[in-house]
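Q: Pasting in a structure now, in structure tokens, and then I'll have a few things to ask.
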Amino acid sequence: MIRVSDGEDGPTSRVWPVTRRFATPQPHVSGVKPPPIPADLVPEHVAIVMDGNGRWAKERGLPRNAGHAQGEFALFDVMEGAIELGIKAVTVYAFSTENWSRSPDEVRYLMGFNRDVVRRRRDEMNALGVRVRWAGRAPRLWKSVLKELRVAEEMTKDNDVLTLTMCINYGGRPELVDATKAIARLAAAGKINPEKIDEKTIAQHLYVPEFPDADLIWRTSGEQRLSNFLTWQSAYSEFVFTDVLWPDVDRRHLWAACDQYARRDRRYGGAQPNEVGANVVGEAVAE
């Protein structure tokens, strides 16, 4: 049995060359344009649960990791579609704290895969004006993964077209636990008055303090749950669930999710519906 040491880089997974061979680059979607969503109704921050990789591979008789490899092409087409629509931030759930319970070989594959995606794609993201961020726990994360994330963060820190936050070794509850511990240490040291702790204090001690709340949480594959993703930042998020498996997704599915978002009345607990934008959005149009 292959064991994955906490925080240590293992050898490259033997599955990697096989699954890369099965991954087929998706052609960039052409001849379509985003739906005519008014700028003030476009979600500023879209958070994505990229679900369905394993089922996609199983349906095709392929190794499970082939679905993860194919999902890379979906991610970057969606990212370009987000830029086209004017979305300012996209956050993706790339590896959860619960994913450590998967088979050692799949964990090893996912660590190497995320590291290599960041390395392969950082120049492309930089050229597009994408700022890369990472959110998650450093303990257990492979050092080489963290290194590549830090390199990408430094390279793209001045970009402002789109912020892509990769949640790797991330969980919403662990994030709140870590924030609580940090605040408790400050209180114990006399640096903060416990009576002064409020929502702003907690937000300042999350993994990425300047992280905006998610306007839209979009999950693929038909599953309808949050799965410990952005627990704090999803308090007033809108949710859209798409039946398509993640490796089959392209920018048109993102646009359709944003179209649904734009048609909703976001009241934030208030009694008066927001009627702005009614009947002003439409389908993605083929040119």
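Using N, Cα and C of the backbone, Cβ positions are placed for all residues, glycine too.
Note that TrEMBL annotation is computational and uncurated.
According to TrEMBL, the record shows the following:
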- ASP51: active site (ACT_SITE)
- ASP51, GLU238: Mg(2+) binding site (BINDING)
- 52-56, ARG64, HIS68, 96-98, TRP100, ARG102, ARG219, 225-227: substrate binding site (BINDING)
- ASN99: active site, proton acceptor (ACT_SITE)
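Describe the structural surroundings of these features, if you would.
A: When Cβ atoms from all protein chains are considered, those within 10 Å of ASP51 (active site) total 21, not counting its own.
Annotation note: TRP100 (substrate binding site) sits in a helical segment as assigned by DSSP.
Within the same chain, residues at least 6 positions away in sequence whose Cβ sits under 8 Å from that of ASN99 (active site, proton acceptor) are VAL107, LEU110.
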Q: Between ASP51 (active site) and HIS68 (substrate binding site), how far is it from one CA atom to the other, in Å?
A: 10
Q: Could you say whether, by DSSP, GLY54 (substrate binding site) belongs to a helix, a strand or a coil region?
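A: SS state of GLY54 (substrate binding site) = helix.
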Q: Highest Cβ count within 10 Å among the binding-site residues GLY52, GLY54: which residue is it?
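A: Its Cβ has the most other Cβ atoms within 10 Å: GLY52.
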Q: Return the count of C-beta atoms lying within 10 angstroms of the C-beta of HIS68 (substrate binding site), excluding that atom itself.
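A: So the number of other Cβ atoms within 10 Å of HIS68 (substrate binding site) is 26.
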